[in-house]
Amino acid sequence: MPRPLIATIDIAALRSNLALAKARAPHSKAWAVVKANAYGHGLERGMRGFAAADGLGLIELDAAARLRELGWNKRILLLEGFFDASDTKLLAEHRLDTVIHCEEQLLMLEQAKLRTQIDVHLKLNSGMNRLGFTPARYRAAYERLRAIPAVRHISFVTHFANAEDPDNPVLPVQEQVRRFKEATRDLPGEKSLANSATDLLHPAAAADWIRPGIMLYGATPGAQSAEQFGLRAAMSLHSEIIGVQHIVAGDAVGYGSAFVATAPMTIGVVACGYADGYPRHAPSGTPVIVDGVKTRMVGRVSMDMITVDLTPVAKPRIGSKVTLWGASLPIDEVANAAGTVGYELMCGLAPRVQIVEVN
């Protein structure tokens, strides 16, 4: 019998979350972002769950080729573009859209001898200072793209630094929108600015295309809860109690004796650890659910196990069902307790964890 640790992926939840993202930007087309193996949910599952998307966006060129093998016939956007001159022929071969964000990519495209035209997305550095041409160099880059015979359509993109934080005073969304509008003024072509946080909190910035990512998987990029937006958890991580200990005040639990009981307690051992993708730095108090009762993790996270407080659970036993995150325990709540983000927990799900599809 396999270890009782199972991640369930709800395909219907993926569909529902995409529908919600599109409903919030009814006049925009949608790139569904499936980078990092669809945020840990599986590329092929993401493709099926987001069948209603107008295109898929990702980072990895080999994953883009895999999508074509799997039968995806709509557009695919490489969000970081390509990394080597030899990649340019694959853009044409697999009919890929590509971001162009730097001089080196522009030069490689100018020197490429492509027989098939491709669509490119010129990225503006509107203040995040990660990828993209500065406003001062943006129009010159556009003119160079226009002169390349292999370039069919040019679209315009940027990325927000603080869309999940409407009160950020350093670089508010409105300032990045202003810079983008100024840089693209009078330039013909489609525009894309909105990530998940923008779609949820700044719908007026939707433009021609939205690029939802984390919201498609049932989590949010900011302090707001997924539930308040009607998002559904697509990934749930479940396990079981595999050991029970009864301790008294003064007894310690786990490596480093990091947790010391102040009263009699029942401790449960859960088959899940950091080698499965559970955050090693999660502190005592991180929420878990056992047999439908919300309780807490205690002690340090081990490679293969965590320990939890079973004292509030009426009849704990070996085999008691444990939810580590999912529909009844939002992944963002667990991530917040662990000092991280839901993205990391999703993407960090280990290959040894059994995955089961539902719906």
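Using N, Cα and C of the backbone, Cβ positions are placed for all residues, glycine too.
Lifted from Swiss-Prot, the feature list:
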- LYS35: active site, proton acceptor (ACT_SITE)
- TYR255: active site, proton acceptor (ACT_SITE)
- ARG130, MET303: substrate binding site (BINDING)
- LYS35: N6-(pyridoxal phosphate)lysine (MOD_RES)
* Asked: Counting every protein chain present, what is the number of Cβ atoms, excluding its own, within 10 Å of the Cβ of TYR255 (active site, proton acceptor)?
  -> 11
* To do: Would you kindly give the Cα-Cα distance separating LYS35 (active site, proton acceptor) and TYR255 (active site, proton acceptor), rounded to the nearest Å?
  => 36
* **For MET303 (substrate binding site), the three-state class that DSSP assigns** => coil
* Structure fact -> Looking at the recorded positions LYS35, ARG130, the one with the fewest other Cβ atoms inside 10 Å is ARG130
* Asked: Tell me, by DSSP, whether TYR255 (active site, proton acceptor) is helix, strand or coil?
  -> helix
* LYS35 (active site, proton acceptor) and ARG130 (substrate binding site), Cα-Cα, nearest whole angstrom -> 18
* Can you tell me how far the Cα of MET303 (substrate binding site) sits from the Cα of LYS35 (active site, proton acceptor), in Å? -> 27
